[in-house]
Every structure is written in C-alpha cells, then in structure tokens.
C-alpha cells in the first residue's frame, strides 16, 4: 500500500469542497442544477432561435453589467476558447506589428501565434523570468500591445493600465484567468478577452472579448483591406453574430448556461467588487500561511505581483510537493499540482470566486497535516 493510500486526512480539517484547480475550476452545485432545470429545454434546439439567443443575450448583458462597460464597448464571443482568440486577434486586430509581454507559458503563446502569422510583422517581445513580469510599455513601431492580466502558469498578476505614449495602439489583455476575479477598469483596454473555465466556473471551448470602439473599428478596417482570414477565426463574423446574440457556428449550450449562472451569482452578491474581495480574502489566507511556515515560500517574490486567483507556493527541497499533492488527491483534495512545464517543487492553488475562502484555510491545514507525516 502506498503512502497516499495509507494517510487518511481527518474529515474535520478537510475542505467542504476539495477542488482547487486553476482551470477547469470548481463548478458550483447550483450551476449544475440549472442545467437540468432552467437550461434543460434549450438542449437540442436551434441556436438561431429566441430561447438560445436569449441565453446568449443574458450572458452578454450580465458581463456588460459586471464589468461596467463604457459606452460603445461590446461583448463579443466565439467558439474555440482563448487559444483560438490569439489567432483571431493576429488576423483581425493587429494591423502591422504588435508588442507582447512574455513572463510565462500563456503570455508567451500569443506572441508565438503572432510570429507564425504571415500577414503581420515579427512581434516585439519583452521577456522576464517566470515569477516576475516586465512593466507594460509602448513602442512607436507597434499598433497593438498585449499582456496577460494573470499568468496562470506562474501566479503572476500584472495590473491593467494603458501604457504612456501608446498613441493609437490597441491594448489587448489576456484575462483568461483574471477576468471576474481581479480588479480592472475596462476603459484601460481595447480587447479584454477570456474563457469560462476559470473565474466563471464553466467549461472551455468559448472565448469572450470586451471590445472598445477602437478595437471594433480596427476589425472593420482590416476586413476592408482584403486580408484573408479563415471564417472560423474572423472577428468581423464574430462581431456580426454577437450583436445578434448568437455565435457563427453552434455553441455548447451547457457552457453558456454554466457561465450565465455564475455571472448572475456574482451580480447577485455584489458584482465584481464582491468577487475581487472574495478572491483577495482567499489569497490573503494562502500567502500568510506560506510566509509563516518554514517549509513554504510564495513563488512570486514581489507581493505586488502575487495573484489573488492563482497562488503558487514553493516547498523546500526535502518536502516532495508531488507526494503532498498525491496524498491530497487521494483524500479528495484535488488539482494542487504545479503547472506541468514550470518544473518546480510547488503547489498551485486556484482561488476563483466559486472557491470558499474557508476551504482555502482548510487546504492549508491539510498540507500541514500531510507534511508532518511525510
């Protein structure tokens, strides 16, 4: 019998819900219940008809309220997830050249996608080591500036502020794991894009972008230039359909319904301010615990860059983080493993709004209990 099978964490210290993944993340039971009640009649029906279009409209209006969209901004959506949006943006938002801040797996991937696109110039890439981040900056040669609000692989959060002297350059923010859990002024961005499976406790396969009038105008001007783009990645097609409360091709009803329920739940509890306070509460508990123990250290050294939705905690060399995560998993406390490519002796904890801060405290107690017995 393995150590993971032998160690049974006492029930009275375990979290009520043991899901701490950084995406897919915890889905609340009430969301799942809605799939079999209010959303049930929509399954197996046309996405071009009123019932499904009303669901899309409910989601779009909910996001507009949650993020207090400035005048002229629109909620645009399409199938494929944020990964597809990188290519869509390379085709449809970059006129000639872009600048990218690269400080982890996901912030680097948009730059890599742009570098492969034959219609735009080589991107300017400003890099920093994992666990840190470059300062957002402008460059006179670029017409789009991109970075990640929250780098999911490392737990680094970079505030969203339009760089000085950026001129007409669009600001595109990958908010895949930041939207809905971190503070943001959407007016500081032109394309704030994300997916449902992080803060919005849904399934993947969908991208959403909060787009400014300048971004929408860029989409139109690039389309008018005659640049070729696959229809699936066409932002003009996505905009046209989104304004009709639909998607270009068939969406997953469950994904839309789960996310709409989560957005309504956030709004009902106080909106984005409430969600941000909740994730900050969870993060405060995790980082204070990590700083108090002699076997743990927050991976992100600068407290100002530490994410309040994805916490990365290094363990000392003589405590095997993989063994700790394995024992936690055997006890129903799951998805605390680090990002696979980071290669650190580390635990990674998702602290999205669906996660109860008390469960984060319980997780830390479980880690202490396990480490004492290794």
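Heads up, the Cβ atoms here are built off N, Cα and C, so glycines get one too.
The structure displayed is predicted, hence computed values, not measured ones.
Listed in sequence order, 246 are the same-chain residues six or more apart from residue 48 (L-glutamate binding site) with CB atoms under 8 A from its CB. Positions annotated as L-glutamate binding site by Swiss-Prot, on the basis of sequence analysis: 48.
Annotated pyridoxal 5'-phosphate binding site per Swiss-Prot: 82, 83, 106, 152, 174, 197, 249, 250, in sequence order. The 10 Å shell around the Cβ of residue 250 (pyridoxal 5'-phosphate binding site) contains 12 further Cβ atoms across the protein chains shown.
Under a cutoff of 8 A between CB atoms, and with a sequence separation of 6+ in the same chain, the neighbours of residue 198 (N6-(pyridoxal phosphate)lysine) are 22, 23, 25, 152, 176, 177, 178, 179, 180, 181, 309, 350, 352. Taken from Swiss-Prot, the feature N6-(pyridoxal phosphate)lysine covers 198, and the record attributes it to sequence analysis.
Neighbour counts of Cβ atoms within 10 Å were taken for the binding-site residues 83, 152, 197, 249; the minimum is at 249. Reduced to three states, the DSSP call for residue 174 (pyridoxal 5'-phosphate binding site) is strand. Around the Cβ of residue 106 (pyridoxal 5'-phosphate binding site), the number of neighbouring Cβ atoms within 10 Å comes to 21. For the pyridoxal 5'-phosphate site listed in the record, the two most distant Cα atoms among 82, 83, 106, 152, 174, 197, 249, 250 lie 28 Å apart. According to DSSP, residue 250 (pyridoxal 5'-phosphate binding site) is assigned to coil rather than to any helix or strand.
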